[in-house]
């Protein structure tokens, strides 16, 4: 059993080293192609692509405030992208990050409102733990159903997304609604908030939480036996048993971990930006996280770069739309094209296999 585990580890290492260089170049080429195609669209709109991208970059990095806002916008995407990546490494598709971040956010807010008098060094970690636990439980459900009952996790995650959004909406419009017309809870205390670096930007020290979790996940996946189990199960569910791994337990734990990480996207937004739970506050962070993970090739450090890219596009979009006649929807076009070009080789391989099978059947 020990030799099987060692041999499988060497295979995993060899495969990852070969694919990593190809993956980096594939992502770079996808980004370049996306901007080239977008340039053609911009030209058809009688605008200059050079000017449009110049305003985009100025809006994202033109000064300290712009840079801070770009980083701030990338933080929730780091969490959701990492959540999707962890699940993917374990052979699972976590499309439920949106629901997990809603549940985690509500758990963190209720914890903050329940203990407003606790000092910040105690309350802030407690809020993070409560949020992580809420998201982990929400992620554990599809993990358990997949591992034990064989139910497709994608279907379960989609259903749980609706349940989470509607349930939290009920809570914020009902028992925990603050006074006024808007659907939100009471504000959390100062001790429950992350500190902003400047009053004019949205960047807080929550960025260090994101970096810390990314580093921890990298160490977990590539430097520990638990990470070896996750990657082995993701590589081949049945072969992992030959290496002495319980694939069902690993699968459940992986989805729980993924859900906990996804919840941090909402928790940090609540404690750093809104200071309360606001109904439907997420602009689809969970679904954008899928794109971030795909472009980052499910690598924790690659996800940092891709989340910054998406944060740059969102942050710089306002300046571009103000200075040109280009709609902010163009940013979504660029993001979609990036994902299209990243996925194109895989789609091509799938169709090629089907064509070959069809030809052989004749």
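Cβ coordinates come from backbone N, Cα and C, glycine included.
These numbers come from a predicted model, not from an experiment.
For reference, TrEMBL has these:
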type     : residues : note
TRANSMEM : 24-46    : transmembrane segment
TRANSMEM : 66-87    : transmembrane segment
TRANSMEM : 99-116   : transmembrane segment
TRANSMEM : 122-141  : transmembrane segment
TRANSMEM : 153-172  : transmembrane segment
TRANSMEM : 203-221  : transmembrane segment
TRANSMEM : 301-320  : transmembrane segment
TRANSMEM : 326-344  : transmembrane segment
(message) Using a Cβ cut-off under 8 Å, which residues of the same chain at least 6 positions beyond either end of the transmembrane segment (301-320) come close to it?
(response) 23-24, 27, 31, 52, 55-62, 66, 69-75, 77-78, 81-82, 85, 211, 214, 218, 288, 291-293, 295, 326, 328, 330-331, 334-335
(message) Below 8 Å between Cβ atoms, which of the listed ranges 24-46, 99-116, 153-172 makes the most pairs with the transmembrane segment (326-344)?
(response) 24-46
(request) Would you kindly check 24-46, 66-87, 122-141, 153-172, 203-221 and say which stretch has the most C-beta pairs under 8 angstroms to the transmembrane segment (99-116)? (result) 122-141
(request) Check the transmembrane segment (203-221) against each of 66-87, 122-141, 153-172 and return whichever range has the most CB pairs under 8 Å. (result) 66-87
(request) State the non-local partners of the transmembrane segment (153-172) in its own chain: residues 6+ outside its ends, Cβ under 8 Å from one of its Cβ atoms. (result) 92-96, 98-100, 102-103, 105-106, 138, 141-143, 145-146, 183-185, 255, 277-280, 286
(message) For the transmembrane segment (66-87), give me same-chain residues lying six or more residues beyond its boundaries with a C-beta closer than 8 angstroms to one of its C-beta atoms, as numbers and ranges.
(response) 58-60, 93-94, 97, 100-101, 197-198, 201-204, 206-207, 210, 213-214, 217, 221, 230, 254-255, 257-259, 261-266, 268-269, 272-273, 282, 285-286, 288-290, 292-293, 296, 298-300, 303-304, 306-308, 310-312, 314-316
(request) State the residues, same chain only, that lie 6 or more residues beyond the ends of the transmembrane segment (122-141) and have a CB under 8 A from a CB inside it; answer 'none' if no residue qualifies. (result) 94, 96, 99-101, 103-108, 110-112, 115, 156, 160, 164, 189, 191-192, 194, 209, 252, 255-264, 266-267, 271
